[in-house]
Amino acid sequence: MFSRICSAQLKRTAWTLPKQAHLQSQTIKTFATAPILCKQFKQSDQPRLRINSDAPNFDADTTVGKINFYDYLGDSWGVLFSHPADFTPVCTTEVSAFAKLKPEFDKRNVKLIGLSVEDVESHEKWIQDIKEIAKVKNVGFPIIGDTFRNVAFLYDMVDAEGFKNINDGSLKTVRSVFVIDPKKKIRLIFTYPSTVGRNTSEVLRVIDALQLTDKEGVVTPINWQPADDVIIPPSVSNDEAKAKFGQFNEIKPYLRFTKSK
């Protein structure tokens, strides 16, 4: 898949770009879990990840040891997020916020996992600052040491300028967030520039919305918050809506509000 891959084991593996889209996830998974010693990235080889794409699997070194991403997630939801660098101000506030809010993610059956291109040793030292700032005993989730940029490449966690430097060791990841459901489908993608910190309340809000819409077959309007009214999809007839939801408020034939259960 890459223009050059320096690994004896990979030379024994068939590497061809799939001609059919449904084969892509299988190829990505093989790439992600194979041992890679060095490589030359090409932008044309990069996986195209979209909402409802299979989340690529991978093996990685983390602050809790080696993990397989799918095994770590199990049958939970997942939030994979990257930060540009350890011991930097915005990243410190972000990871501290995720650590402090871990109980809220636990309530929603969501597992967190962070990432940057520093090694695990750097992460472990930085975690001491995180614990102090967040006032927590433990961060509560692993942070990947993506020193070879494998996961950053898989999940396109770089900006246009950074991609030019992906092979020279100077790349830093942007602030990416991937929400992944128990079927290992990517359900939501956020990408923030390095200068702008994320909003953890928004991450929780969209998880609430995704889980609610999956469960009840509704959709959520702009600025929706838990306990707000939801929208009945246009594909549901009025008779079906009455049977399923009871009372609803019809603004237009295509815009009908109801209470969530």
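Here the Cβ of each residue, glycine as well, is placed from N, Cα and C on the backbone.
For the residues SER53, SER122, SER194, SER235, Swiss-Prot attaches the annotation phosphoserine to SER53, which does not rule out the feature elsewhere. The separation of CYS91 (active site, cysteine sulfenic acid (-SOH) intermediate) from SER53 (phosphoserine), Cα to Cα, is 27 Å.
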